[in-house]
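Per TrEMBL, domain 'V-ATPase proteolipid subunit C-like' is recorded for A:10-72. Look at TrEMBL and you will find A:E59 tagged as site 'Reversibly protonated during proton transport'. As annotated by TrEMBL, transmembrane segment applies to A:6-29, A:50-75.
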Amino acid sequence: MTIGDGLVAIAAALAVMTGIFSTAGQGYVAAKAVEAVGKNPEAENEIRTMLILGAGIAETAAIYGLLIAFLILFAY
Amino acid sequence: MTIGDGLVAIAAALAVMTGIFSTAGQGYVAAKAVEAVGKNPEAENEIRTMLILGAGIAETAAIYGLLIAFLILFAY
Amino acid sequence: MTIGDGLVAIAAALAVMTGIFSTAGQGYVAAKAVEAVGKNPEAENEIRTMLILGAGIAETAAIYGLLIAFLILFAY
């Protein structure tokens with residue numbers, strides 16, 4: 001591998017690291033969902049729906065990073 | 001190993017580090033689950049389900065990083 | 001050792017550092033478990049179960065980092 005190859009690989013790694021805080025943000029969403037279902041177990045279905053919707057929205061940037069990482073590795 | 005090989009290895013390490021906050025985020029989810037089950041032990045099943053679902057969602061970006069790390073090491 | 005070998009060793013170290021916040025996250029879970037069992041000792045079994053499950057989930061990203069560190073050192 002040349003230094004250039006190594007730098008391209010580092011670029012792909014940096015791209016996928018875009019999702020680094022999505023784990024923290026989604027952890028916060030999930031924590032609140034757990035807290036909510038503990039307080040009001042009858043609302044489990046509504047809470048689950050909101051968790052999936054909210055976490056899905058918070059996932060988008062991580063997916064952008066993954067996409068660019070793939071493109072850097074295999075289409076660049 | 002050449003410098004290029006070393007940079008590729010660093011890239012794989014950075015990629016897997018995408019999950020660096022997932023331990024903190026999931027720790028927060030788990031903390032809220034422990035707290036919720038302490039307050040309302042009868043809702044244990046609903047709380048456990050929400051914990052597993054929420055933590056699984058918060059795991060995705062860490063898995064993206066692991067995937068890119070494998071690709072960098074073995075398919076690049 | 002060449003500079004490349006040194007970079008590979010740094011890469012393995014970075015990879016295992018993925019678990020850097022797991023001590024903090026799991027410490028928080030344990031803290032909440034202690035608090036919960038103090039408030040509601042009758043729920044000890046449910047709280048202990050949730051602690052073990054939650055902390056296990058929060059461990060995963062640290063294990064990914066360990067795995068990649070091993071692979072960088074011995075399979076790369």
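In case you wondered, yes, glycine gets a Cβ from its N, Cα and C as well.
The Cβ of A:E59 (site 'Reversibly protonated during proton transport') lies under 8 Å from the Cβ of A:S22, A:Q26, each on the same chain and at least six residues away in sequence. The domain 'V-ATPase proteolipid subunit C-like' (A:10-72): residue composition by secondary structure is 62 helix, 0 strand, 1 coil, according to DSSP.
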